[in-house]
Amino acid sequence: MSEVVFVRRLSPGTKSVLAVFARYGTIIGLLAMIAAFSLLSPRAFPTVYNFTNVLNQASLAMIIAGGLTLAVIVGELDLSIGFAASMHGVLVTGLIVSSGLPIPVAILLVIALGGLIGLINGVIVTKIKVNSVIGTLGVGTILTGLSFAYSAGVPITAGVPEAFLQVSLGRWLFGIPNNIVIMAAVLGGLWVLVERTPLGQEIQAVGGNHAAARLAGIDVDRIKILGFVGSGMCAALTGILLASRLGSGTTSAADPYLLTAFAAVFLGSATLRDGEFHVFGTFIGALIIAFGFNGLSIFGAPTYSQYIFQGAILIIAVGLSSLGRILSQR
Amino acid sequence: MLASNPEKEASSTPPFLAVRGIRKSYGGAQALKGVSLTLEAGTVHGLVGANGAGKSTLIRILAGLAHADDGGIAVDGKPALIASPAQAADLGMSFIHQELAFVPRMTVIENIMLGLPKKTRFGLVDWPAIAREVEPVARRVGITAPLSAEVDGLSTAENWLINICRALVRRARLIVMDEPTASLSAAESEKLFAIIEDLRRSGVAILYVSHRLDEILRLCDRVTVFRDGNAVSVMERHALSRPRLVEAIVGGAVEALAPHRDVVNKPIVLSARGLTRLPKVDDVSFDLHEGEVLGIGGLVGAGRSELMRLIYGADRPDGGTMTLDGKPFSPKTPAQAVKAGLGLVPEERRAEGLLLTKSVAFNLQLANLSGIVRSPALPLIDYGRRKTLSEGIVRDLAVKTPSIEAAVGLLSGGNQQKVLIGRWLLGAPKILILDEPTRGVDIGARGDIHRLIRSLAARGMAVIVVSSEPDELPDLCDRVLVMAEGHIVRELTGPGITRNAVVEASYAFDGQGKEQT
């Protein structure tokens, strides 16, 4: 009988080229994009003013994406964030304008409410065992309805005090825009939480292998709920800052942040680590999107091209992310 | 039995399946060390052996789910390459596993035809033609449920029949049955045996894998016995007997007696009374003493891992009570069990134990995070302390790793296992449960792990070891409880803990009933 030999191996060369691309592709892409825009538009693009402006614009997306990062690290998706942020924007404006609450009180109250909505999301997903895509989509839709009910769909613009606008537009610390300061504090705090605390190790463990985390004695449900709470609080903060920047509480104003946040988070997971979500990666992901938008507008590309860019970047991001994961498992 | 003599047929036509010199290793562990097996059409071929002997590995290779490192397979005398399940099916091989694979919300006939396109000329599914083809086969194997019923609500026995029907519709020439009667009643088993007899007469070859020796004796024309990755014995029907099978499964090796200590006078740490979670754990009572290594023996499916999950709070019992240090103990989650002083090294170390992409240090510290914070007021990880503790464990357990920051998935099976055990040494639990601690582990690491377990017990830790390897429990344990079909069927102590005694008690439910001593 002739012997049959079973040999199936992948070429290691192909594999390592792909692995480098999967890890550093996003950073290489970011640098290439900055270099290309700088060459094409040397006067308008590579300036301190423009870079500060890009970062300022991107800060709101970075905060909401930072929160979403927590939810995805624990292995869940939070689709309520955009709708929640819109509702929080309407609510905080209404509380200040109509109810006459002091600005700091209204802000803290709305952030706490964001945490409560996260808690509700978490309970729905972990205790009632509703798939997180469906559960958070349902909650988000309800929140949109509530925000219409609260404002009757009319933007709250009249009587918004200048002091509230200054929360987002001010430069209270060394002339740095407040948005950037707040974003740096939030992302810095999240990074410390995830990478440097015991709780962060548990968060990573739950997302990495929830069966193993459970048997190691970690309360998996509690950690998942915490992930949603963090996500909900960041969504509230983004909603508040957007209302402050626009000077109005407008229903659906923050809805587009959902897609931006997901694109940033998935681009981030393809950054440096093989398909693992992490806070620094999310920051890089959000920067790529921000510079992309900025470049498009500097070159006068029509508004619709931003949607095409964002949709394409989301698919590329998820593709890169799963490529990294596949390679790390080989 | 009216089966014709397979030896005579073999001289004229080649056997349906010939397996020659198959080798397969996983990591450092050799699962198959060059096995051969010849399977004639129209015969029932038994495949027996202890857990881990290599039976499942061979089946996975035949099914195209795993690829042999070396060796060859021929079907009808022609070399065959089985690279995928689809190719195995094309060769006429059909596999029926313990966990039956169905689409639950589809009907019987839809499941039978799954993946077999039969279309009208408009490209639609030709249901009348399918029904004409399936109905006689379904009658032949005795499916009583209507073909339009959803498989979701049907019994396990009915599912087996559907699977056989599916195999026949596909014109299978070999049906591999893995523990077919494990969840069938006696009457259902009889029905299955009649169908097997019918299949044999019609020329189908059957590879029958079972721990139940009375079934093997009754059904098989020929039996191959696997032990430690080798085919150690091939017996023809006339030479089959129960003692010969047991001897071949166990092997004639000399019993090595390890020093067993008498620990029953030590204080009781954990006590279980009437613990039940049907169908896998049924009225189990036992005591665990301080400093004791308690072995749990038995076959896969006897309810051992399920019992451990109850103790560890991973599942909730239907009935029964436990006490820990004399106080009532009913953990609702593993987190509560860990807080109470338990630790578990699970059977599926890659799926349930480790985070493969994370570092050795990350995996080691997972159950001891409160032990590496700078201070309770400032809950930041003290990386210096994390490094010292991790490196200490790596050194003490002789874990072979490039560094504590290397991904644990890159280590060998034995070293991964050491990391998992090491995780619990940092928190020093009162009770450590190890489920199959040396499965897939090379011989050197196995010795290390055994010494480690003994030394933990010597320090006063109570250790429970679940093992399917007949050799492991006698080497390691002070006392052994053997489980079969959800019950503890025997307690072995001192010099009574031998590999033969463990194996024999494991088969206690087979034939003679479960309460014999």
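The backbone N, Cα and C atoms fix where each Cβ goes, glycine too.
For reference, TrEMBL has these:
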| type | residues | note |
| --- | --- | --- |
| TRANSMEM | A:21-42 | transmembrane segment |
| TRANSMEM | A:54-74 | transmembrane segment |
| TRANSMEM | A:81-99 | transmembrane segment |
| TRANSMEM | A:105-126 | transmembrane segment |
| TRANSMEM | A:133-152 | transmembrane segment |
| TRANSMEM | A:172-194 | transmembrane segment |
| TRANSMEM | A:225-244 | transmembrane segment |
| TRANSMEM | A:256-272 | transmembrane segment |
| TRANSMEM | A:279-301 | transmembrane segment |
| TRANSMEM | A:307-327 | transmembrane segment |
Problem - Same-chain residue ranges lying at least 6 outside the transmembrane segment (A:54-74) that approach it to Cβ under 8 Å - result: 81-82, 85, 132, 177, 179-180, 182-183, 186-187, 190, 194, 203-204, 206-207, 223-224, 226-228, 230-235, 237-238, 241-242, 245, 254, 257, 260-262, 264-265, 268-269, 277-279, 282-283, 285-287, 289-291, 293-294
Completion exercise
The recorded stretch from A:21-42, A:81-99, A:172-194 sharing the largest number of CB pairs under 8 A with the transmembrane segment (A:133-152) is A:81-99
Exercise for the section: Count the CB pairs under 8 A between the transmembrane segment (A:105-126) and each of A:21-42, A:225-244, A:256-272, A:279-301, A:307-327, then give me the winner. Expected result: A:225-244
Problem - Selected stretch (most C-beta pairs under 8 A with the transmembrane segment (A:307-327)) from A:81-99, A:172-194, A:279-301 - result: A:279-301
Handout entry: Stretch in A:81-99, A:172-194, A:256-272, A:279-301 most in contact with the transmembrane segment (A:21-42), if contact is a CB pair under 8 A
Key = A:279-301
Problem - Tertiary contacts of the transmembrane segment (A:225-244), as residues 6+ beyond its ends and Cβ separation under 8 Å - result: 59-61, 63-64, 66-68, 70-71, 73-74, 76, 78, 80-82, 84-90, 92-93, 107, 110-111, 113-119, 121-123, 125-126, 164-169, 179, 182, 186, 190, 199, 203, 206, 250, 253-254, 257
